[in-house]
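Some features that TrEMBL has for this protein:
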| type | residues | note |
| --- | --- | --- |
| MOD_RES | K34 | N6-(pyridoxal phosphate)lysine |
| ACT_SITE | K34 | active site, proton acceptor |
| BINDING | R129, M301 | substrate binding site |
| DOMAIN | 232-356 | domain 'Alanine racemase C-terminal' |
| ACT_SITE | Y253 | active site, proton acceptor |
Amino acid sequence: MRPLVATIDLAAIRHNYAVAKRCAPGREAFAVVKANAYGHGVREVVGSLPEADGFAVACLEEAAEVRRVNAEARVLLLEGCFEPAEYHSAAQLALDVVVQGAEQAEALLAAQLPGPLNVWLKLDSGMHRLGFAADQLRHWHARLAGATQVAELNLLSHFACADERGHPLTEQQVEAFLDLLDLDFDQRSLANSAAILTIPAAHMDWLRPGIMLYGATPFVDLTAKELGLRPAMCLTAQLIGLRDVAVGESVGYGACWVAQRPSRIGTVSCGYADGYPRHAPSGTPLVVRGQRVPLAGRVSMDMLAVDLTDLPEAQLGDAVELWGAQLPVDELAQACGTIGYELLTKVTARVPRRYRSF
Ligand SMILES: Cc1ncc(COP(=O)(O)O)c(C=O)c1O
């Protein structure tokens, strides 16, 4: 079997969910499990969080998967229904739905449903991606309140810059949200991970933690460890080749890495077809025998090379941590000019996930 595995620590995810809840006592929380629970496996993650108040997903297909595992919890469709026929399925699955545009709202009012839905009207408070402007939101609040298709009528919005502490847009977004306090909503939701961790004024009734559940940080200047989060995924490969290269010899495609000293090169069983970023530059850290060693040359489809010259005890078969407990995914992401979210969600289907829950 190919020696590459993503080990998922379900106990860490439970711990991180509890951290979110502790940040905002008395509030409820949708665990955000879209994109296959940020790459961690939606069935396993949902199954390991029976205490979660609810789950949030991006589409009906993801919601159906959550429902199969948890018959009771609230399941929120973050972008709402993409076509009118989806409302019927959403009602059958007893979902909560976001309504973020006039077409969605009209389709809801025209729908014949087996039961009423909890509806979350989305305010565009400044991100300008989805949602109603304040005056439109007031209009739709009036039209949807009391409609037979609507059970709870709730308010939701999303931050653009909560991960950049002190960004002026965040305060404007909170103000835009609070400007609608005169409207009668059953529940309100505004906070993603960054706001849960640092903006108590944004906590409202329902939190929406995503990245923090998986033990990564939304911030550039605060590590997951500093936030009390435990990493949930460890991506581990093996040294499957070892060789000495002389000064002036190159390694890998494009012959981009050239030995400046007599060097020992290890070949590692992980490549870009597994989700490791192809654009990771030489020097990006990996961990062998508890020590950081630098990536050497271009990442191949199924393999990459590491410079082991400063780790002479390394042997064929040694485990190589691409990210995890010893090397935070956020650190690799920074080295590659991306974010932990992207690395976690891009671990491909061919990488087996192994689960532990202790
Ligand atoms: C609407 C919405 N709410 C909450 C989240 C969770 O955000 P985070 O992973 O930063 O906690 C997301 C994720 O992108 C989202 O789109």
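Here, residue 1 is simply the first one shown, and the rest follow in order.
Just so it is clear, glycine is given a Cβ too, placed from its N, Cα and C backbone atoms.
Annotations in TrEMBL come from automatic prediction, not curation.
Annotation: K34 carries the greatest number of neighbouring Cβ atoms among the recorded positions K34, R129 [cut-off 10 Å, Cβ to Cβ]. In sequence order, G271, Y272, A273 are the residues near M301 (substrate binding site), counting only same-chain partners six or more apart with C-beta under 8 A. Its Cβ placed at the centre, Y253 (active site, proton acceptor) has 11 other Cβ atoms within 10 Å.
Broken down by DSSP into helix, strand and coil, the domain 'Alanine racemase C-terminal' (232-356) contains 19 helix, 45 strand, 61 coil. Comparing R129 (substrate binding site) with the residue listed as 'N6-(pyridoxal phosphate)lysine', their Cα atoms are 18 Å apart once rounded. Recorded residues Y253 (active site, proton acceptor) and K34 (N6-(pyridoxal phosphate)lysine) have their alpha carbons 35 Å apart, per Cα-Cα distance. Under DSSP, R129 (substrate binding site) is assigned to coil, being neither helix nor strand in the three-state scheme.
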